[in-house]
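Undergrad: My questions all concern the structure below.
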Amino acid sequence: MLARSRVCLQTITRRLADFPEANAIKKKFLFRKDTSTIKQLKGLSSGQKIVLNGWIEQKPKRVGKNLIFGLLRDSNGDIIQLVDNKSLLKGFTLEDVVQAVGILSLKRKLSNEDADEYEVQLEDITVLNASNKKPAQMQDFKLSAIYPPEFRYLQLRNPKYQDFLKKRSSISKEIRNSFNNFDFTEVETPMLFKATPEGAREFLVPTRTKRSDGKPSFYALDQSPQQYKQLLMASGVNKYYQMARCFRDEDLRADRQPEFTQVDMEMAFANSEDVMKIIEKTVSGVWSKFSKKRGLLTLDSKGTLVPAKKENGTVSIFRMTYEQAMTSYGIDKPDLRAPDLKIINLGEFNAFSHLNKKFPVFEVIILRSAFSNMEEYKERWSFLTNNSNYNYRVPIVLPIENDEQANSNWFENFHAIATFENPHLITKFLKLKKGDIVCGCTREPNHSIFENPTPLGRLRQLVLQSEHGKNIYHAVNKDVASWIVDFPLFSPVIIEDKSGKKEKLAYPEYEKDRLCSTHHPFTMVKLKDYEKLEKTPEKCLGRHYDLVVNGVELGGGSTRIHDPRLQDYIFEDILKIDNAYELFGHLLNAFDMGTPPHAGFAIGFDRMCAMICETESIRDVIAFPKSITGADLVVKSPSVIPESILEPYNIKYSNSKK
């Protein structure tokens, strides 16, 4: 221990060199408290003495022998000009932290139409902490507000990111107020849990505890509070919520982080309807208060976009079944800002796929008036046939170049994957025109659609993510919400391709007679399908519900199983979990001691904040996000741990070089 302390002290000595002079340090802590923000100056009169804290926004500029102009930025991101007649700003640099004292004065107007602006006649300025030259060297990054990730703290000083963090805080308060008004109790649950097969990979935490057989013991960081909140229902907590920290060792992308926040809730003596009503009111309230688009839209029974919040104050969000979503939009989280951009099943016209009997449906989606000439088509739509954009097969994409093609032989381009009994009837139905794009592909039959998204569902998603697609097909510049209900309770297990071949599989392949939970194993089956559990569980629908906004899953929930025998049957007989009691005995025991019926939901809080702040990545609304590789580049984590420290945890490096 002494040796380690010595190393640390030596490191500090090398970095800081001499002991700092006392007055220089003390001065940084002796600052005035009677300060204002720049916004508060609007209520003051010219000639008043003021004190401002902030940062030097730009390097001060000498404009005369006894005149220097500087800019001060306060913690709100507001900026005011400093007028220095005493050369007080001499030597100051970008991002110095200062306290400025001066006289408030009106800035000279260039014209009578200009609004009043203030400046400060500087009397004194104190450096509370000087900046090095790094911020000045990164001036170009400051202008774009895109800094290297290791300088995240500089990026967060930008008003845009300050606004994101403040709005996130305000949204959190609003959600808490909403649940408190519904008489929920906020309860914190443990983050150190145990490893269980809930879906995603877990982060494991080693301990110094050994089992009786000598094997090391590990915690798992909680993927979600799912099991703890069900135990709270068993504990007599009637309505629970928390802003929960969750951890999943997943492949990362713009809308994923290894640690994230979810708004978690659960209700005893409740079903799906009870939960959905509260979520509708809470989410709608947040959108109405904080979104620049002022509220959510949804669909009515005719498919027309209407406000989710009615004039009488009630909130009702459209419900779409999983089957409807997959057949009309090819994905279980459809972007309904383009409600009329639908996929068409040509089976009604006796057009079928002949390549794979498990994928017999041939369907198309028509991109109307998508281009004016072939040069524009190639420039704007080439990504639709990019193999890397799809999990499996790529749709056939056909631009309609002229009216003759539209009215006669377009379907010949799809003969490789489909058979047409009456192509002329289909042509009459589709009413193709020059400038349209016909996209066609195959999928599984209705009631058995597990490939999600389908190729055309993915194509539609790509279209609506592109700027040109948004401009053409979005019906509104608003946020559109829908519920997706009646999911399959179980899904076939996809066989992972471990062949090492560069060519992708054209179709997903499933393991025979093996199922996994579509969401998680605690979801209750729809009562009308209960008898199917015994013989044909793959045909059962679950009492699960997802809330989708703009093609993004904002959250999901379900009515839970609270009967121990049914839960055990699903673990053992359907999911084939051999050690179910070892993994889930705590739940089964609680269920066997009078756990009430319960249902719940979880909202992806980071995702919600990103949508309301109108930014593509959740990283923008998280103070210190992880990179695409899962690293925190500010603090340089994760890091290598010396083997001597790992030893008490019963962990050794393999192939370690000593």
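Cβ coordinates are placed from backbone N, Cα and C, and glycine is handled just like the others.
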Undergrad: Which of GLU188, GLU553, GLU643, GLU647 does Swiss-Prot put in the same ATP site as ARG248, ASP249, GLU250, GLY604, PHE605, ASP606, ARG607?
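TA: Answer per Swiss-Prot: GLU553.
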Undergrad: Please identify the range among 158-161, 174-177, 226-229, 422-425 that Swiss-Prot labels region 'Aspartate'.
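TA: Among 158-161, 174-177, 226-229, 422-425, the range Swiss-Prot annotates as region 'Aspartate' is 226-229.
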Undergrad: To see if you understand the setup: which same-chain residues, six or more apart in sequence, place their Cβ under 8 Å from that of GLU250 (ATP binding site)?
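TA: Counting only residues 6 or more apart in sequence, the Cβ neighbours of GLU250 (ATP binding site) under 8 Å are ALA200, ARG201, ARG256, PRO258.
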Undergrad: Report, in whole Å, the straight Cα-to-Cα distance of ARG248 (L-aspartate binding site) from PHE605 (ATP binding site).
TA: 15
Undergrad: Helix, strand or coil: which one is GLU553 (ATP binding site) in, per DSSP?
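TA: Its secondary structure by DSSP: strand.
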Undergrad: Grab the pLDDT values for the region 'Aspartate' (226-229) and give me their mean, rounded.
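TA: Per the prediction, mean pLDDT sits at 97 for the region 'Aspartate' (226-229).
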Undergrad: Between the Cα atoms of ASP249 (ATP binding site) and ARG560 (L-aspartate binding site), find the distance and write it as a whole number of Å.
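TA: ASP249 (ATP binding site) and ARG560 (L-aspartate binding site) have their Cα atoms 25 Å apart.
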Undergrad: Would you say which of the binding-site residues ASP249, GLU553, ASP606 has the most Cβ atoms within 10 Å of its own Cβ?
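TA: The residue with the densest Cβ neighbourhood is ASP606.
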Undergrad: Of all the binding-site residues given, ARG248, GLY604, which has the fewest Cβ neighbours within 10 Å once its own Cβ is left out?
TA: ARG248
Undergrad: Cα-Cα separation of GLU553 (ATP binding site) and ARG560 (L-aspartate binding site), in Å?
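TA: If we compare the Cα positions of GLU553 (ATP binding site) and ARG560 (L-aspartate binding site), the gap is 20 Å.
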